[in-house]
Amino acid sequence: MEQALILELLDRHGKVVLRQRFTQFPVRVGRDYGNDLILDDEAVSPRHLQIAPAGDGQWQIEDLQSDNGTWRHGSKQRIDKDRIANDGLLRLGSSTLQLRSPASQVAPTVRHASKAYRLRRTLGSWWLALPLLLLTIALSTFNEYLNHADKVHASDFAGDAVTWTGMLLLWSGAWALLGRLLNQRHLFVELLSLATMCLLAVFAAGATVDRLHYLGGPGWWNTPLDQTVWLLLAALLPLHLLLTTRLRQRTLLTLCIVLFCLFSGQDVIKGYVGERKFSDELSFNSQLNLLPASMLPYDSADEFLRNTRSVREDAERRAKQE
Amino acid sequence: MHLFRHFRYTAALLLTAAGLLLATLPSTALAAADAQQVFQRYKDAVLQIRIVDTRSGNRISLGTGFVVDAEGRMVSNFHVVSEYAYHPEWNRIEAVSSGGAVIPLKLLAFDVVHDLSLLQAGSRMPQALTLASEPPAKGTPLYAFGIPLDLELTIVQGLYNGLLEKKLREQVHFTGAINPGMSGGPAVDENGHVVGVNVATAGNGVGFLVPVKYVAALLQQRNTAALTQSAPMLTLMRNQLLAEQQRIMADLLARPIITGEVGNYRTPKDWSEHFKCWGGDVHAEDKLYTVVSISCDMQSDIFLSGKHRTGTLSYSRSFVQAKPGLNDWQFDRLYGTLFNQDPDMPDAGKDDVGNFSCRSGFVKQADGLPLKTLFCLRAYRKLTGLYDMVLQSATLDGKRSGLINRLVAGGVSYDDALRISKKYLEALTWNKR
């Protein structure tokens, strides 16, 4: 069998930006025009390294006394003359090369029947996106309507509906543009479905958390409950980035954690400031009738008043603060 | 915003209110002659009292005071000298005679509840006023002395209109123009006997005096040591306030609450004659609901400092009903919004009290009426053991109507806050037919 080396040039996110096949050895890599693979990388020497087959599915690497050296990916070990396994990674200058052979494995074919493929197909269908968009707009407008207790006309909410529609289309459009620039993907419909679903999820989470607060009253569980909403919000941005950019999953996860910390941190700061800023106001859960009266945990008036010792202690503590 | 704010009647204190010098009084030649005589005879017993910040030399409080005995003891309002009670380390009390002589004063005692202070001049005073032993008949002419708005010593002729017994803390109703700066001045009859001490005005010639019997009680305290430290003064204030709130609470706890019928409920209506109630309804054509509200207030507060009042008690109820066209969810939101409206709180600044701490919960009454309840407290910073309290409840049995009740007490002990809350909550029941 003819021996072949396939060199892949990877970008910062590990995606292939250039792929070239070689059957003549050694393969020379460098910046000048005498090389087999010419790299436009200022930190790569004109004649940087050469690669030849070493048998056992390995490759023999020889650094041609380059200025910045050749390195094993992810290590501080400089390669002078060494072997590297097939599918191994090399770092030279600010580029990353992956060494492939015809024996290298590829990911299994995504089948049309597979869940992931069908999910993408469904997400990308106008038949899903459009009803979702309409549902989101209807719900948010209805929510606005519920805040009114005076005589209103449907036309009073047309403006809200238009604003919501515009915002959602603009949001998805902006992300779609990003996806096209960075990932060469056409994702507008997918992003529209995603955005509406995210909004619906936030609505649902908000409504559930509201009801749990209503049911649970004061207690330690209020903080984690609020945090779940923040977590959901923090996941939204990385989810969009996953579709539209080539960022690695680890980066996205980190971003998610950072966002979550920012959101909760802001919550903590707000709480701290609220605690220290003088105010005449009563802060409490004032919602009523969120759940049927038969579901609620009742105390007798005596028990309720007996349980206010913590209120007294808390009030004392607040009065002692500077 | 609050539903009842504009119905609230405020007896502005002399220091803060700008009154009108519009007294419609008989001005016969005889009366004028009397006023001249009274003024000439007793003017030397009345002095301006002022608090001076020793750090800057600025006057921070002005009022009037009068001499009550030959040893140089003087009486004024507590609110005239209150700044000294909080910060004796950088304030001093002085009297200024009409001739301009400055006399340093010491604080001997005070009655924070009735707004009186007892001061001691370092030297003997030329003239003293005697206290009236009997209250005069209604309609008796009185002469109020004072230095209004930092002008000259002034005499104001007016009429004695009796003791206001329905007021939680008794006051004399004086028909005459009392103005800022006259606080602490004496109101005397034609014989120069002190009937009351100028304390407040409601404007338009409606003035209030502290009845002289509280001055007499203060003079009974024969302690000669002056109050010079903040801590003992605060303790004294606290004890007087606690005793006063216990007196009021004991009275209210002993009385039955008369309930009235509202929708499906019976709810507190009348409690004692000290409360005055006002209605405030929402019945607008463009609203899809109605609110029928009644708010009851004791209309009496105790001055603690420029921003801080205590000793108030009020309760209110709002019955909310949906009109046809309002759906159930809209009603629930509206009901929650109304429940969230804060009641009128006793005035207090950030140096006086901490923030409120609240607990909400669900209560089932003895007869099965389900309620959402809220209990909030804020503690006084300087007067330990005193709290402002808010109790709120909303009925949960109705789909399209509901009743919100509120009870607000200023300056109560924790135990009394619980007792009064319990009594108030218990008076809220289903209306049994």
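Cβ atoms are placed via backbone N, Cα and C, with glycine included.
Taken from TrEMBL, the feature domain 'FHA' covers A:27-77. For A:123-142, A:162-179, A:191-209, A:229-245, A:252-273, the entry in TrEMBL reads transmembrane segment.
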Proximity of the transmembrane segment (A:123-142) to the transmembrane segment (A:191-209), 3+ C-beta pairs under 8 angstroms: yes
Other parts of the chain folded back onto the transmembrane segment (A:162-179), taken as Cβ under 8 Å at six or more residues beyond its ends: 133, 136-137, 140-141, 185-188, 191-192, 194-196, 199, 240, 243-245
Residues from the same chain, set at least six apart from the ends of the transmembrane segment (A:191-209), whose C-beta lies under 8 A from its own: 123-125, 128-129, 132-133, 135-136, 139-140, 143, 168-169, 171-172, 175-176, 179, 225-226, 228-229, 232-233, 236, 239-240, 243-244
DSSP helix/strand/coil residue counts for the domain 'FHA' (A:27-77): 0 helix, 22 strand, 29 coil
Mean per-residue pLDDT computed across the domain 'FHA' (A:27-77): 91
